[in-house]
Every structure is written in structure tokens, then in C-alpha cells.
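Let me begin by presenting the structure, written as C-alpha cells, before commenting on it.
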Amino acid sequence: MATVLRSGIWMWLSIARLDLTYFFCPVLLEQEKDPKYWNSKAKQTLESALKLTPMNHRAKNIIFFLGDGEFRHGYFRSGMGKLGPSRCFGLQLPQFLTADRMFRPRSEGAEPSGRSHLRRILGCLSYPLPPPRFQGVHYVWNKTALDAVNEHTTNYLMGLFEPKDMNYELERNNKTDPSIVEMTEKAIRILRKNPKGFFLFVEDKIDHGHHSSKARHALTEAVMMDRAIERAVELTDASETLTVVTADHSHVFTFGGSTPRGNNILGLAPKMAMDNRSYTSILYGNGPGYALKDGTRQNVNKMDYRQQAAVPLASETHGGEDVAIMAQGPMAHLFHGIQEQNYIAHVMAYAGCIEPYHREPECCSTWKSRSGSSGLSQNPLLSLVALWLGLLFLR
């Protein structure tokens, strides 16, 4: 049972009283034992829901966050000392919530560009560009250079900070590599100068942590993604920016053990298994965390500790559950019910007056003002769909 809680103009997702609030929560407070507390809370939530007003105008900006592999049921964290169930991580944005239907058994696939895609990108220009084309164009390779970029004079920015994947946040050198929060902020500060609006796509490294069965890494990446979303919300106007947060799949990642509130989420469950050994609150259905070392459980406090798994695999797999889609801003109310993945691209295209919806009556003036921009694709919706399919198959 999913419940949406609203405070001010923001809303949060939680799962109704499944005792998952031990994510970093204090012990059960006495007030929660009184039925009057819950009845009052429900009434407040209902009153807030009745005040919701969809934004039916078109979006100037679109920001798409892909919390890769983490949005199966929603995020959970402490209520920051408040009563009641934990809210989802500080997403603070889903005025409207839906689910993304998942049927495909896996989303990994071969990369058409092979493993040399970076070289292909860097080598795609086979001819020299005239000097004027380089004005406002910058390339950076470390955090110092990124911080030094003047967003007021920069129109195009390319940052390549690692030879391959970015490091996990817990392993990141904060003097040389920027965080996902810092990269998101710099991108928005540059893009928002465009009076015609922008599209920004942001993805994290949650998926890698889960495949390795390293929940500490996966959850830390989720926290950083959460902070990037919060920063994006702070830097943009919700009345003109459609912000969408979702995932392209789930993982076989579970909470179990009837662990009490206040227990370390990365720690051990209070009960013992049938082999008289302890087990962790977080478990995986399969993955590399199945092995015992010298017949004993490993130290769960190690940074690279692999959570226990039921089936031995070299790499943990994706799950098959539907994933949540959370959105705020113009046309966010179009995300409702259970939808196919390609519906996400269509809603974003409709909200942004992008083909094939650019000739809708309310889009005429918007499209005319944008049509002179050389930066627009001849068929932007195809670009959005290609992006979405790429996220699913190029893993």
C-alpha cells in the first residue's frame, strides 16, 4: 500500500507502516502509540491532498533523474526526529506518483559502439572547426577546473574526470573528482541561461553498487542522488520546470529480519539464522555475497562488505518489479497509474512542446519561439526515446 504525504508544496512517498522506518530512525516514540496521532496525521494528509492543483501549462525546462536500480518502492530514511513513518529520501518532489511497468527479464545488452565509445566520442570530429565556434566552449578533467568554469561565459562544457566510470562516492577523491551534486549544479547554472529552456539528464552509480552486492556503496550513491535532486529543485522554478525521477529497473534487494527501529540499516538483524549465525538486515536474492570466509560471516562494517545473497552469482541481477515514477512541475499530473516505459518520454515531450506534440494549440507560440534555435533536434522526441532505450539496452 503506497501512501503519499504532503507538506507545503512538496510530497513524499512512503510505504504504509511496514516497519521499514529503522533506516536511521530514533526509537518508537510514545506519541505514535496513541491512535489519535495517526487519525490526526491522516486528516492532515487528506486536507493537503485536496489542495493539490495540477499545472496544465507547458514546461520551459525538463530535468530527468535516473536513480538507476533504486526506485522499486521508494526511498526510506529517518523522519529527522519527527514522528510517523520515514519519508522517502529528500526527494521532496513527487506531487504526482505512478509506476513504470517492467516486463523484460534483463536490461543488460551489448553496446553498439563497443567498449571504445569514449574514443568514438572524442574522435567524432574529423575536420577542424573555425576559432569562432570554440567561443564559450570548455573541456575540464578535474574538480578544480570544473569549479573555475564561469557559467556566465560558458555555453558548452564537457567534463571527463575518469578514464572509465566515476568512482563511488565513498572512494571519490574530493580534491580531483566532483560529486554528482556539484556536476548537476554546474550543468543547471550553465543551461538555465538559455531563455528557451533546457533538458538535463542525470544518472548515478547506484546500479554498480547493487550488482556488486555492496549495499553501503549503493545506498551512499542514493543519498548523493537525493542531494543532487534537492539542489536541482533549489536552482529551478517548479512552476516552469518538469522534474522527473525514476529508474529503468529494480534489483533483488530486500529489507528483512524484523529489525527494530533505530537499528543500523547496514548492521545485523537481532535474530539468528538456523545455522546459528547472524545475518544482515539487508539481503540480496542473488549475487557475489553468498560466500563465507573460514566458515564465518565477514565483518559487516567493512566499506566493501558484500551483503549476503541466497543464490551464488558473480554479479547480482536486476529485479522484475514495477518501479516508481515521481514528478513535480508542469504536466506532472500526467504520470498516473501503471504505465509503460516509453510513456515517460511522451509525457516529457508533451510537456515541453516537442515533436510530435509541438503543434498542439497551446504549443504554437512556444514552438515558434524555439524553432529558430540551432540547438534543437529535427525530431526531439526520437532523441528522448533513443535516450530512454539507450539507458535500457546499453548496460
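Placement of Cβ uses the backbone N, Cα and C atoms for every residue, glycine included.
Note that this is a predicted model, so its numbers are computed, not measured.
According to TrEMBL, the signal peptide annotation covers 1-16.
Taking the Cβ of E203 (Mg(2+) binding site) as centre and 10 Å as the limit, one finds 16 other Cβ atoms among all the protein chains shown. Summarising the annotation, TrEMBL assigns Mg(2+) binding site to E203.
Feature annotation from TrEMBL assigns Zn(2+) binding site to D207, H211, D248, H249, H318.
Cα of H211 (Zn(2+) binding site) to Cα of E203 (Mg(2+) binding site): a span of 16 Å. Under the three-state DSSP scheme, D248 (Zn(2+) binding site) falls in the coil class. Cα of H249 (Zn(2+) binding site) to Cα of E203 (Mg(2+) binding site): a distance of 13 Å. Across the structure, E203 (Mg(2+) binding site) and D248 (Zn(2+) binding site) are spaced 11 Å apart at their Cα atoms.
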